[in-house]
Amino acid sequence: MDDFRSICLLSLAMLVACYVAGIIPLAVNFSEERLKLVTVLGAGLLCGTALAVIVPEGVHALYEDILEGKHHPANEMQHVMESEKVAEIAVVHEYGHDHSRLHAYIGVSLVLGFVFMLLVDQIGSSHVHSTDDPEAARSGNSKITTTLGLVVHAAADGVALGAAASTSQTSVQLIVFVAIMLHKAPAAFGLVSFLMHAGLERNRIRKHLLVFALAAPVMSMVTYLGLSKSSKEALSEVNATGVAMLFSAGTFLYVATVHVLPEVGGIAHSHRPESTGGKGLSRLEVAALVLGCLIPLVLSIGHHH
């Protein structure tokens, strides 16, 4: 019951914090220039979050058991007698086997997340291409895919938190929760600023934000309640928390690189005055993009395990 109470509190905190972070761009009235800067900053936050927070957290979650197992025997190695060294070698060999298996998990999870979003994007765009205005169709599809990608990513986060809660280890739950919050708040901010620039009405943006904010808490509750005892044991065997986070990192990378960054490049090309040759971002926008990439990195460095 304690686990259930903690997952409820964590889910509620996640929902509120995510929604509040996303409302900030809506609450402040930006001029067109400021809105462009905020959009570029949001794009940087999405990219920096994917690379500096989600991928390392997923890898850490995968390797956690092995790392913990290795630290304990390491100090005792000096005191181990000759007869016991054979057993140690066998254990080290086993770790090597586990490492190669986990390497495969990392690549497969990331690629599957990326390919999943690619397929969702293609299926979505095939329905929209029949309209008369292909530019408007592509723009509308981009908004939907960006939101859908982040919702899928948030749902995978929820599965990771639900799987972590089912381990009954408070430290694991808190680590996963902090990791999720470190990127959900910037992602919510980035999503809303992107949708604002894309010209969506404010009410619809709020709906998109609410769906995004709800995805992780709902999935964490469903995962926690839906797992039987045997399922929990099976999930801990295959490190479901790490796999889910890496899958979500793949979806996040797709959204950040394929949709948001090119859109930001498009902003620059369409609004740049003739004197600059119509190429690239302004220095201030480049600075905002770099700052956005660095903020999650600084936050993740401050977040020690």
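Easy rule for this one: first residue shown is 1, then count along the chain.
Every residue gets a Cβ built from N, Cα and C, even glycine.
Bear in mind that the values here come from a model prediction, so they are computed numbers and not experimental data.
These come from Swiss-Prot:
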type	residues	note
CARBOHYD	Asn29	N-linked glycosylation site
CARBOHYD	Asn239	N-linked glycosylation site
TRANSMEM	7-27	transmembrane segment
TRANSMEM	35-55	transmembrane segment
TRANSMEM	104-124	transmembrane segment
TRANSMEM	144-164	transmembrane segment
TRANSMEM	174-194	transmembrane segment
TRANSMEM	208-228	transmembrane segment
TRANSMEM	242-262	transmembrane segment
TRANSMEM	284-304	transmembrane segment
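Using a Cβ-Cβ cut-off under 8 Å and counting only residues 6 or more beyond its ends in the same chain, the transmembrane segment (208-228) has close neighbours at 3-4, 7-8, 10-12, 14-15, 18-19, 22-23, 147, 150-152, 154-159, 161-163, 165-166, 180, 184, 187-188, 191-192, 195, 200, 235.
Between the transmembrane segment (7-27) and the transmembrane segment (242-262), fewer than three CB pairs separated by 6 or more residues in sequence fall under 8 Å, so the two stretches do not touch.
Counting every protein chain shown, the Cβ of Asn29 (N-linked glycosylation site) has 7 other Cβ atoms within 10 Å. Contact count against the transmembrane segment (174-194) (Cβ pairs under 8 Å) is highest for 144-164, out of 104-124, 144-164, 242-262, 284-304.
Ranked by the number of CB pairs under 8 Å to the transmembrane segment (242-262), the listed stretches 35-55, 104-124, 284-304 are led by 104-124. The stretch from 104-124, 144-164, 284-304 with the most CB pairs below 8 A to the transmembrane segment (35-55) is 284-304. Listed by sequence, the residues of this chain that lie at least six past the ends of the transmembrane segment (144-164) yet keep a Cβ under 8 A from its Cβ atoms are 7, 10-11, 14, 61, 113, 116-117, 120-121, 124-125, 172-173, 175-177, 180, 184, 187, 191, 194-195, 208, 211-213, 215-224, 227, 235-236, 240-242, 244-245, 247-249, 251-252, 254-255, 259-260. Through the fold, the transmembrane segment (284-304) approaches residues 36-37, 40-49, 51-53, 56, 178-179, 182-183, 186, 190, 264, 268 of its own chain, all at least 6 residues removed from its boundaries and within a Cβ separation under 8 Å.
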